[in-house]
Amino acid sequence: MNSFAAFMTKEFYHILRDRRSAMILFGMPIIQLLLFGYAIRNEIQTVRIAIIDQSHDRITEAITDKLLSSGHFVLVDTFSSDDAIEEGFKSGEITEAIVFEAGFGRRFVREQETSVQIITDGSNPNLARIVLSYTTAVFMDYRASLLQGDEEGKGIAAETLMLFNPELKSVYLFVPGLITVILMLVSALMTSISITREKETGTMEVLLVSSLRPYQIIIGKVVPYLMLSFINVVTVLIIARFVFGVPCRGSVTLLLLESLLFILTALSLGIFISTITSSQQVAMMISLGGLLLPTVMLSGFIFPVSSMPLPLQIISTLIPARWFLVIVRGIMLKGTGIVYFWQETLVLASMTLALGILSIRKFSIRLT
Amino acid sequence: MRTIVFLLRKEFLQIFRNKGMLPIMFIMPFIQLIILSNAATFDVKNVQFSLIDKDRSVLSDLFAEHVGSSPYFTLTSGSMSDQQAFNAILEGRDKLSIVIPEDFEKDLYRYAQAKVQLMIDAEDGYSAGIIQAYTREIIESFNGTIISQRLLAPGTRTLTESPQVGNIRIISSSWFNPELDYIDFMVPGILVILVTMIGLFLSAMNIVREKEAGTIEQINVTPVKRYQFITGKLLPFWIIGLGELTVGLFIARVLFDVPMLGSYPLIYAVASIYLLVVLGMGMLISTVTETQQQAMFIAWFFMVIFVLMSGLFTTIESMPVWAQNLTLLNPVRFFVDIMRRIMLKGSGIQHIARETTGLAVYAVIMLSVAVNRYKKTSG
């Protein structure tokens, strides 16, 4: 036990001695969370549009004003031909073109029926959808403003209650997601080369002839990183709360405990990668190149898992971040307790246990 | 020139000798491309909902049926208490709960208006907005049905259809991708990320590895010139990068049927410049770090920023202006954009001239800084 403590202390010093790495480890998550927390949004800020007004009357001008004063739309040009619109799309100058038909206003008043063409750049489907819905809303608002509050007799009306996030802030969605993704990647990255490095530099032999048992070596490698990661967790949660104003409606203690479990899963994954690879380079490529996109894309951080095709939903169950995301959002936004996500917790715990056992066994095999 | 050929041969041998690395370089990216391209969709499908009908009348039945027939929605339960419905949302089983209050039918007959209550899980505000839009659509079409079928008893006030004011017919169309298919959008973008990762990580770890292993000393004492050494280091990754791009484009065409409206030579021309930026960055990282671990952390740090701020997942247009400006330093942003434009819109050189010039300038800066940082003397 004494040699174990000494080994752990040594590992600790080893991490802290490398000032540069330590700075990166603590600095990176903070910078990333601050940057992305402010930058990643779903609400469209500015849409560059072209308006082709073949009518130029009171009504088209009123609608144009309404569009431009909504703050979302910036008029880039008033093209006249379809070719010019296409050029505008191809060079990325505009994302939407609005074409008022000739005699728009006259037809609106006299014939009670007029039409407008809204052309979006479908090469970005998401943007196209949002832009179309914003524009449609402006047109509908204009029409409604002429209807002069005829509230009665409209049939069924919906009374909507938006639970947990009444203002539909995307920051509430993204900050817990960012916490998950950043912690996952940083943690796995940290341990992924810890054992391979020993193999590569030849210090592995020293470990092998020591009196340490395989599990002690693994634990000795993980624990210092676990403590460092915990500091990361606390910092990140403080930023979430006080910089981005994301509430924590559930128990903070529970959140910290669950975070600790999740980090442990990520660290075990890193250790596991480290035991199955033979060079630092391979280990890094797996943890850098193999984890980044799957974690971002399959965890539900940006794209809802329930909308994915079934095979991908199944693959996503292998992504630890997917489970933790449910837990963080549950505690922070919904204020739920362990009874609501004991299954997710169990999955993370089992993953950790499995990865730990596999690592120790893989490591023992190398001993013989 | 001969020196460079020898160096190249040595580097290539080194790359191909590393058996553990080969599958990671040549298989992992494409598996990711094939799998992950399907993951990205902002569509909201299979919305699980519960419905509580407190009225149990003919009209409320009709309404419930109307909601249930929506292709977006899947009914999980029809008889619950309000609390149970709330709990189902809390547990994440349901996303929506619809409550039809008592007197629903009576109100509709008497006042020609009635209310339904919606509880939406707004944890994900974006999806919640879409779910709300879906329900609004359903309710409007239901209103249309009861008006047109004159289901309301005679003598009551009829529902008024939009009076006096004309109708604005909105004809919407999406060019370049009329079906708004996400695959076409994602494949070029993910391909760029994969090529970038391979290029950046490999070059970032390359020189620092020699530092760590001590072999850099050996090279430093040989009469190899600086530019020869660097060409020998970067050219293999440049070739590998273009090779990966080729396989990726092939997969995009054959497997995903992503259109290719522009020209392949143009893509390769831009990619050649782009890879220089990436490799220059990697090399710079390599020269400023001491251990592979540090190089890895820094490469990772920038890669995450590049990916999340490239417009690949969330559009640049939705970022605050300062962040939009910041993305001008992100080479990935440019190449993702250029690839999508060439492939999906058939943009030509005249449309992407500005971005390409930007990348070229970037490449020159990166490479010269990196070359300057690398000194043949150690310590």
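Even glycines carry a Cβ here, placed using N, Cα and C.
What TrEMBL says about this protein:
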DOMAIN    B:145-377  domain 'ABC transmembrane type-2'
TRANSMEM  B:21-40  transmembrane segment
TRANSMEM  B:185-208  transmembrane segment
TRANSMEM  B:235-256  transmembrane segment
TRANSMEM  B:262-285  transmembrane segment
TRANSMEM  B:297-316  transmembrane segment
TRANSMEM  B:352-371  transmembrane segment
Candidates B:21-40, B:235-256, B:262-285, B:297-316; stretch with most C-beta pairs under 8 Å toward the transmembrane segment (B:352-371): B:262-285
Give the one range among B:21-40, B:185-208, B:235-256, B:297-316 whose Cβ atoms make the most pairs under 8 Å with those of the transmembrane segment (B:262-285). B:185-208
Please give the sequence-distant neighbours of the transmembrane segment (B:21-40): residues at least 6 beyond its ends with Cβ less than 8 Å from one of its Cβ atoms. 15, 182-183, 185-187, 190-191, 194-195, 197-198, 202, 240, 244, 247-248, 251, 255-256, 313
